[in-house]
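Features reported for this protein in TrEMBL:
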- 1-20: signal peptide (SIGNAL)
- 28-77: compositional bias 'Low complexity' (COMPBIAS)
- 85-94: compositional bias 'Low complexity' (COMPBIAS)
- 148-164: compositional bias 'Low complexity' (COMPBIAS)
- 175-269: domain 'BD-FAE-like' (DOMAIN)
- 336-409: domain 'Peptidase S9 prolyl oligopeptidase catalytic' (DOMAIN)
């Protein structure tokens, strides 16, 4: 006997809406809405890195990693289900749901005693493979009827069990992941590691563990304190690599502007190729003395004049005293701050990028590239249309794919 259910248009809409699931619920059933992480500004009790570092909060006390928003800032609002039109009689189709990727874990660590010697880590937890059951022994093997196996065996399993009665194999350890250490810009006078947070999260989606470090600024520490801090941050990552399941032999350094210069220094100073797998630098000030000269030209832009003053602050040489007749220790710092002066055959491969109208012109990288090519070190210089500088180059649609492709090729 068939039963016929007659439902009016208004009642049909009510029936359908009664079983509709709010799209927002799909994105909020696993964890609460993430909130942005604050910047550490006051740390009266800095911690010294140990073999097992603990994350530090704004007061230096250990804290749990704080989730923060994904690459695009605030997660997009979930779309509202569209109710069927009254009396339409048409089939109601399900509306697509866009789910914002879950943000990575984040924590701040101290790699040195100073308040600026801090590093942020962004990583995604690794899900260990499930343990597999080992083959049963002959004594344990039975057919479906409960009788003995057709091929009984008294030989014990070749794979030991993890515990009495537990016949599961030990799951293989997850493969260690490549890492990227990021260094911020800001004329060596300002800037903060937090400026990289959205790009860092984007790279974690590609399988990288990302670190962003602060370093002492020129107002309180002269060169080479900044390079020393960058090197110590890198050493901290490598020493504690197991904490984030990082392969210490697959680390790339990425920096912009002043941070780009520090990145090329890590790749060229000493045995850079042993230190890192590669260097990516956006608008790097590879030769500070050249920037000092550019800032003195009549056609210099305000940014170039500001950079000239920053070089003076960094090297601690008064304006007009940077010639060959300057104090010998001052001139040694000028040469030491020139990444090209450290070029050698054991340097790390580099990807150097500028815009055509960059106030840190491409000449800052072509000179370094010539020095590296002379000793057979792979180096690529890319020039981007426009006048973007530093991390603003990432707004060009071709820059991120270029960086990602280069990163993956260097960290295979």
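The backbone N, Cα and C atoms fix where each Cβ goes, and this holds for glycine too.
Across all of the domain 'Peptidase S9 prolyl oligopeptidase catalytic' (336-409), the predicted model scores a mean pLDDT of 98. Broken down by DSSP into helix, strand and coil, the domain 'Peptidase S9 prolyl oligopeptidase catalytic' (336-409) contains 33 helix, 12 strand, 29 coil. In the domain 'BD-FAE-like' (175-269), helix, strand and coil residues by DSSP number 42 helix, 23 strand, 30 coil.
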